[in-house]
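For reference, TrEMBL has these:
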- A:His63, A:His228, A:Glu232: divalent metal cation binding site (BINDING)
Number of protein chains: 2
Amino acid sequence: MIITVQMVLNCLIEPVGHLEPTVDTLKSGRLNGEVRKVAVVFMATYAVIKQAVESGVDLILTHEPTYYNHKDEVDWLAGDPVYERKRRLIEESGISIFRLHDYVHTYKPDGILVGMLKKLEWESYAKPGEMNLLSFPPDEQHTVRTIVTHLKNKLGIDNMLVAGDLEMPVRRFGLMPGASGGRSHINYFERTDIDLLIVGETNEWETNEYVRDAADMGLSKALIVTGHQISEEAGMLTVVEMVREAFPDLQVDLIASPLAVKNI
Amino acid sequence: MIITVQMVLNCLIEPVGHLEPTVDTLKSGRLNGEVRKVAVVFMATYAVIKQAVESGVDLILTHEPTYYNHKDEVDWLAGDPVYERKRRLIEESGISIFRLHDYVHTYKPDGILVGMLKKLEWESYAKPGEMNLLSFPPDEQHTVRTIVTHLKNKLGIDNMLVAGDLEMPVRRFGLMPGASGGRSHINYFERTDIDLLIVGETNEWETNEYVRDAADMGLSKALIVTGHQISEEAGMLTVVEMVREAFPDLQVDLIASPLAVKNI
């Protein structure tokens, strides 16, 4: 049986039905193109696309955009040497690229969140029905610092940003991978009365300043910012598993990337 | 002569005339209130406001918002314990808070940029008429790494984020304090053909990924992200100087803050 791009996408769209509007569109390639090998990635970087093309991948499923903006608008990039070279690589290779962002976050529960909970071995701490709200059992003692250490070990990173007191005990906390925005973070603090929120990325003048103020008021609030990529990349393993299960004959692998920036 | 809030604001608005729309509004206090002591700050944090009130400051001029969002909208924060406590401190103290963001960036040249160039001792490198475009003279040899070291020394920070090759020679570079956005950063790279861009804050999926791709293509492009506060705070010294000059009898000081997040 020939497997097409459309068939793989149908499998990924099926759990929620068609979303409209959505940024999850085919960025290149053809819906009726044949697929034998799939690469699942956090970001379709130039290096990732090159590696995928060279290893015979037909379809890339990427969580984040290809062209440096959420909607993958390209008019403003016309003539830019980085954009033009990337576009040429993609077009000449004929590879299909589909963004899988809104769908995977709309799964119940959120596919990225589930993948990250697995990676962090925190599934048992998550509240059923609201899995980004976590609680430690009464016999476990944790502080912001012990959680930082756990995140470093499990995610393989050397540093992260922290607001609040590192020695503060943590009982209830939130896990919000990605960059859902200041209002989303702050409303979550208010609604759930958590001690600690772990996020991927913030705008500095929003969540960071809210938690700074809270801590300076003596409230038990802290924030960990891990970086966006590291907060979601392992979550895409959910997608790897889905496609492998639906299409056992396909070769499906996650291509992880180094971080775009180094902490110097 | 009594100096009022309105008189101080007039002096700050005068160089560009009234802007509309603008986020630069009086967040608290009264335009006809008397001013004897002014605090100039990057961010009107809870700790900064408390310190200002205790030291008899009548007017805070803050570059960034008071309530964790660009427009200082507060309806969505009603009942939030952090917001309510901050609002109460401000209201009970009677202190005036004015945001000075759009005006200072609209000065010709940009007041924040000028303040940062002074702090970095880079005024002589800046292109007249386009002062965020800088070039080293032919007899000076610099790399991304030597510039990182310079920034650390001058700004008093221990770390920053870097995309691209640390050993890459740098001749032309851009300085864009704050968080002007991915399109602004990327268009600047394209238009000016700089080797290096130094910014305050990015969205990770935008500027960071553009520079990662450029470097992976072998192009001579690099990015330094210093953090938003550190990229603009010293720029507010421009405002301190303006108010001191216009009102020699006023006490006017910059209150610097520690960073909201620590790198752990």
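Just so it is clear, glycine is given a Cβ too, placed from its N, Cα and C backbone atoms.
Closeness to chain B is evaluated for the binding-site residues A:His63, A:His228, A:Glu232 by Cβ distance, with values under 8 Å counted; counted residues in sequence order are A:His228. Packing around A:His63 (divalent metal cation binding site) is summarised by its Cβ count: 25 other Cβ atoms lie within 10 angstroms of its Cβ, all protein chains included. Remark: A:His228 (divalent metal cation binding site) has A:Gly178, A:Ala179, A:Gly200, A:Glu201 as non-local neighbours, by Cβ distance under 8 Å and separation of at least 6 in sequence.
Its Cβ placed at the centre, A:Glu232 (divalent metal cation binding site) has 26 other Cβ atoms within 10 Å.
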